[in-house]
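What Swiss-Prot says about this one:
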type     : residues : note
DOMAIN   : 16-91    : domain 'RRM 1'
REGION   : 90-137   : region 'Disordered'
COMPBIAS : 93-127   : compositional bias 'Gly residues'
DOMAIN   : 140-214  : domain 'RRM 2'
REGION   : 212-267  : region 'Disordered'
COMPBIAS : 224-267  : compositional bias 'Basic residues'
Amino acid sequence: MSGGGVIRGPAGNNDCRIYVGNLPPDIRTKDIEDVFYKYGAIRDIDLKNRRGGPPFAFVEFEDPRDAEDAVYGRDGYDYDGYRLRVEFPRSGRGAGGRGGGGGGGGGGGGGGGGGGGGGGGGGGGAPRGRYGPPSRRSEYRVVVSGLPPSGSWQDLKDHMREAGDVCYADVFRDGTGVVEFVRKEDMTYAVRKLDNTKFRSHEGETAYIRVKVDGPRSPSYGRSRSRSRSRSRSRSRSNSRSRSYSPRRSRGSPRYSPRHSRSRSRT
């Protein structure tokens, strides 16, 4: 039976749906959301908690690029001593995948229907797709400086979503970055509230960053790509995933709200 509190959206693209196996027996929908929210807007979380078998789940994102990033970033992730198995379901990817980038992601999907048991090789070594929906860009751009060496575009996007809806983020080798917002007021809020704030990278490095509105001749914009992508994601698709739309994380609206979710902090 499905875990309680799942919000059902319209039927989505299979490229947006991922399988999550090897979950702890006491996992809840809200816990799964906490693991995956940073990759993008979540449309649905379907938690299967069958009697006599280990729980597993299907997570559906709004954007297929977010699903690819979740597979790339969370397959093999250690969650309370359980090594998560994250991959595309067998029916979700394959020869018909978009632009030739989808076939690699579907390799290990056999476990999707079986509750996290067998299955093939898993998504950890799968190449990320190189094609996707057109990038969403905006003129409401800020330049960020003072980023720590391990700061990635996703760290920056997560930090700046405190101000509003981010549609693009990237970082450069010199410790600067650019962030584009959907709305002008969010850009203004970011400059006012996030300038000289403490930034933390995914590796735990911290630094106080400066945020200012990007001018037409900004020295940062258009430089070489992200440190993290160029160094460790050499097989990433040519169009940066960082360009996908991400909804605001604070200032009122929740990330994702299952009807009966029961929050539980994990340390």
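Note that Cβ sites are derived from N, Cα and C of the backbone, with glycine treated the same way.
Break the domain 'RRM 2' (140-214) down by DSSP state and the numbers are 19 helix, 29 strand, 27 coil.
Residue counts for the domain 'RRM 1' (16-91) by DSSP state, with H, G and I taken as helix and E and B as strand, are 23 helix, 25 strand, 28 coil.
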